[in-house]
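A short write-up of the structure that comes next.
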Amino acid sequence: MSWANDISPKGFILLGFSDKPWLQMPLLVVLLISYTFTIFGNVSIMIVCILDPKLHTPMYFFLINLSILDLCYTISTVPHMLANICHNKKTISYGGCVAQLIIFLALGATECLLLAVMSFDRFVAICRPLHYIVIMNRWFCLRMAAFSWLTGFSNSVLQSSLTLNMPRCGHREVGHFFCEVPALLKLSCADTKPIEAELFFFSVLILLIPVTLILISYGFIAQAVLKIKSSEGRRKAFRTCGSHMVVVSLFFGTGIYMYLQPPSSTSKDWGKMVSLFYGIITPMLNPLIYSLRNKDMKKAFKRVMSRIFLY
């Protein structure tokens, strides 16, 4: 039976893995587990960073922003995906699809820029320690965070407008779990190459430029760390920067795979798995990476928990 009878004229059908019914239950379990850990992990990081005075530094200010991003990232897609699987209903309204597309793109672009800002923070802390307080002052950090958010949402509005304005000739079946640019472009009945070229340009700005700046920053950081005479100092620097590089590799690696190649060249099922990874798994892993590999965060967590239970 076609899903077409279940939607309004302007709605979409999110097919996901509907052609593989045996995957529905494992996917449901993975989504529930990742969603629970993402909410708990990121909320915990936000609470600890806010309540512990020792973490009131630029690094943890940006980490709070990253946790907010990851929370919103997950909330914008996973609840609808869970509802679709549980009720065996694969539909989404046009307005819901537009909102999902704009929010998902905006948060993704913001995270790209925020990770670049976080690498600059580590660069200044390790390579220019005597000037750190002057350079990474409160207003500079606020401006960098605001710039990341505003640029992310501006980029999202542009890319969403280009994608949604393509003629679809009545095509409604989106071969994905949620509304994303590559999947929506495949619905178009017109030549998508001009739009793909414009979207590729924006993707280069949002993906390649930040990752290049991150790599340059960490090149200088590596040189500076190797000059540190104290082995404990080197270990602490590598621990902090190593956590950040793991997050950068996971997020940018999957994002570049999805957005810096033509949608037509992306394997349908593989593209879905990659999207699940950077949209759902990465937000779950970020709190684990930053907490388990960060002694300051673990100590702060114990201090906050002891304070809460004492009261």
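Just so it is clear, glycine is given a Cβ too, placed from its N, Cα and C backbone atoms.
Where the annotation comes from TrEMBL, it is an automatic prediction and has not been curated.
As given in TrEMBL:
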type	residues	note
DOMAIN	41-290	domain 'G-protein coupled receptors family 1 profile'
TRANSMEM	27-51	transmembrane segment
TRANSMEM	58-78	transmembrane segment
TRANSMEM	98-120	transmembrane segment
TRANSMEM	140-158	transmembrane segment
TRANSMEM	200-221	transmembrane segment
TRANSMEM	241-260	transmembrane segment
TRANSMEM	272-292	transmembrane segment
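At the 8 Å Cβ cutoff, the transmembrane segment (27-51) and the transmembrane segment (272-292) share at least 3 close pairs (sequence separation 6 or more) and count as touching.
Counting Cβ pairs under 8 Å to the transmembrane segment (140-158), the stretch among 58-78, 200-221, 241-260, 272-292 with the most such contacts is 58-78.
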